[in-house]
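What follows is one structure encoded as structure tokens, with my remarks underneath.
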């Protein structure tokens with residue numbers, strides 16, 4: 001496909017980091033310590049803090065009565081109509097008298113109106129929070145602890161009073177956790193609760209909610225337990241830390257009995273038929289109304305209040321027919337009119353509730369901030385996570401003082417609040433006022449409401465969370481790692497209960513992040529034709545390198561950037577050339593290993609690499625640590641040993657600062673090895689390519705006394721007895737400094753001893769033959785003195801030592817090339 005040419009011309013010189021800093025006049029950025037601003041005191045600072053922690057003062061004066069009031073009024077009425085049945089039902093789900101669900105729908109909602117930053121979420125009772133509270137109630141105040149006498153009569157009043165005390169104390173502790181975390185700006189903790197984790201957790205929680213409502217649907221009396229496998233089977237026995245009731249349990253109770261699902265199946269023959277029929281009829285009515293609302297959504301100003309109509313109809317039928325007396329249907333019972341006085345929490349219970357309170361605080365905040373961000377993105381405003389923590393914390397803290405249980409926001413009510421025209425939290429305040437009217441005047445009218453109807457309300461409202469099971473199919477196609485998080489979270493929450501399941505899910509998610517950083521993605525980059533863009537040659541067949549070889553380098557994954565949702569999986573490597581792959585080249589050497597001998601690869605008889613330059617694309621690095629700095633230095637050192645130059649490109653400013661702070665740049669690695677882009681580095685490498693191996697620092701010395709001068713070792717065809725074999729690699733024999741030093745020292749010591757002897761000139765006799773077939777070019781130059789003869793002998797010794805050393809280096813290099821792929825070996 002031929003691309004249309006567009007005007008895109010950039011003309012600039014090649015820039016390394018040193019030139020870029022000079023061109024851009026780089027200077028260290030001034031770092032302002034955040035804690036200094038916390039202690040500044042001024043009128044503007046005080047006003048900013050007031051508006052930050054009390055957002056209602058910021059948006060309420062700008063409230064448009066003409067544009068928003070009607071929508072908020074209609075929305076508040078719709079939410080209040082839903083709050084009434086859900087409050088009664090979710091209180092029952094939490095193991096508390098239904099009226100406390102109405103209290104929890106009033107106090108926290110009004111507090112959030114003052115301190116919250118989201119305009120559309122509906123704070124109040126929620127199924128997941130209620131089932132977590134119910135789990136705590138069943139664990140610390142089970143029914144078996146309140147049995148009276150041998151006839152096992154349950155003391156309901158004592159049980160309810162104990163559970164209300166527990167729930168209110170739990171709410172205060174949850175509020176303290178949330179306020180404390182918000183004040184220390186710990187709102188980022190929700191980052192570690194990814195969307196698959198939250199959705200899987202709420203889906204598993206909906207299963208717990210559904211199973212917990214079966215006893216109300218069938219009219220069964222089940223024993224209450226919590227803990228691992230409590231959803232399926234658990235041994236009966238009082239748990240440690242359980243709150244004692246006023247009476248002991250019935251003697252002779254069966255020490256082990258089936259629980260929940262198995263117990264429901266076991267006791268199905270004992271079900272109350274009237275209760276089951278009531279629940280089924282109520283459920284069918286609710287489903288039909290919801291379907292009707294979906295069909296007529298475009299034509300109705302507000303959804304039909306199916307839940308409220310069902311509650312009113314069921315209460316009227318129960319009162320008129322006498323369902324409790326005639327069919328044994330369990331009803332709500334007495335609902336006191338008016339508000340209850342505040343009650344101080346019991347600090348003695350904090351130790352028993354600490355772990356559950358933290359789990360509830362984190363889950364409630366995660367659900368609220370997730371919904372809040374969805375609505376904020378849809379309507380173009382911002383939600384502050386730390387302030388949301390404070391707002392939810394104050395809602396639970398003050399609500400706990402007024403005998404409420406922990407709350408969060410409801411997904412279904414939030415959608416209704418938005419869809420019916422809600423614009424601000426004025427809708428929430430209006431809904432709380434309607435709930436207040438119901439508590440004061442209308443609550444006692446629902447005393448004959450069957451509990452089976454409330455169970456049907458809870459189960460029907462689980463539809464949205466249960467439908468999240470379809471995430472398995474979409475995640476299987478999109479991201480298998482997220483699918484693994486989803487499955488582990490769901491299974492752990494089902495089997496280990498809500499608190500332990502959440503802990504296992506968070507730990508597994510963090511461990512998976514760590515594991516994924518140990519398997520980064522590396523790619524060889526090639527240049528897209530006629531551009532300065534470089535892409536993976538495995539994906540882009542048209543991307544090709546310049547002359548040479550492309551190499552993939554294994555970089556320590558601890559230097560990679562770690563994200564949740566998020567995925568920077570590795571760094572790319574590129575060099576200005578094309579072909580073979582060297583993997584883990586620098587990993588074989590120990591950290592303290594010295595540099596190799598200064599002899600070149602050609603002198604050692606080793607083949608040279610097919611590439612001459614390695615370029616590391618560090619654009620995906622967000623930080624570097626000391627391990628990364630050491631690894632990069634090892635890469636520079638090891639590739640220079642095989643005569644390959646190394647450059648870096650596309651570093652972000654924070655990474656450059658960390659390289660400077662870590663003293664990475666020195667005399668051997670300067671900022672001239674760091675380029676602004678990969679293309680800059682490639683062009684520089686092509687322009688400054690080595691023509692051959694760089695000779696090390698050597699000293700030349702010619703000490704040959706003989707006339708045999710072969711051009712190389714291979715050029716000498718004589719035996720080892722030929723003096724020329726040992727005395728030259730060429731016309732200009734060159735030696736390392738160390739070899740010259742040793743030779744000179746030996747020469748001085750032996751010459752001093754031999755100078756004392758008087759010898760005749762070597763010209764008086766023929767020189768002895770050293771080989772059967774000497775070189776034809778070997779012949780005497782002329783008279784040779786004893787000193788010259790001594791120098792020749794020392795020269796032969798020195799040449800022999802150098803030959804042995806060269807041979808050993810060649811063997812070591814061959815062994816090193818064989819084990820280059822095994823970093824555990826050290827050569």
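Glycine is treated like the rest: Cβ placed from N, Cα and C.
Bear in mind that TrEMBL entries carry predicted annotations, made automatically and left uncurated.
Here TrEMBL flags 46-65, 88-114, 170-193, 271-292, 353-377, 389-409, 421-440, 452-476, 483-515 as transmembrane segment. What TrEMBL lists as domain 'STAS' is 614-685.
With DSSP states grouped into helix (H, G, I), strand (E, B) and coil, the domain 'STAS' (614-685) comes out at 36 helix, 11 strand, 25 coil. Counting Cβ pairs under 8 Å that are 6 or more residues apart, the transmembrane segment (452-476) and the transmembrane segment (88-114) reach 3 or more and are in contact. The stretch from 88-114, 170-193, 271-292, 353-377, 389-409 with the most CB pairs below 8 A to the transmembrane segment (421-440) is 88-114. If you look at the transmembrane segment (483-515) against the transmembrane segment (170-193), you find at least three C-beta pairs under 8 angstroms, all six or more positions apart, and that counts as contact. When each of the listed stretches 88-114, 353-377, 389-409 is scored by C-beta pairs under 8 angstroms to the transmembrane segment (170-193), 389-409 comes out highest.
For the transmembrane segment (46-65), the list of distant contacts is 113-117, 387, 390, 424-426: same-chain residues at least six beyond its ends, Cβ to Cβ under 8 Å. The transmembrane segment (353-377) and the transmembrane segment (88-114) are not in contact, since fewer than 3 Cβ pairs between them lie under 8 Å (pairs 6 or more apart in sequence).
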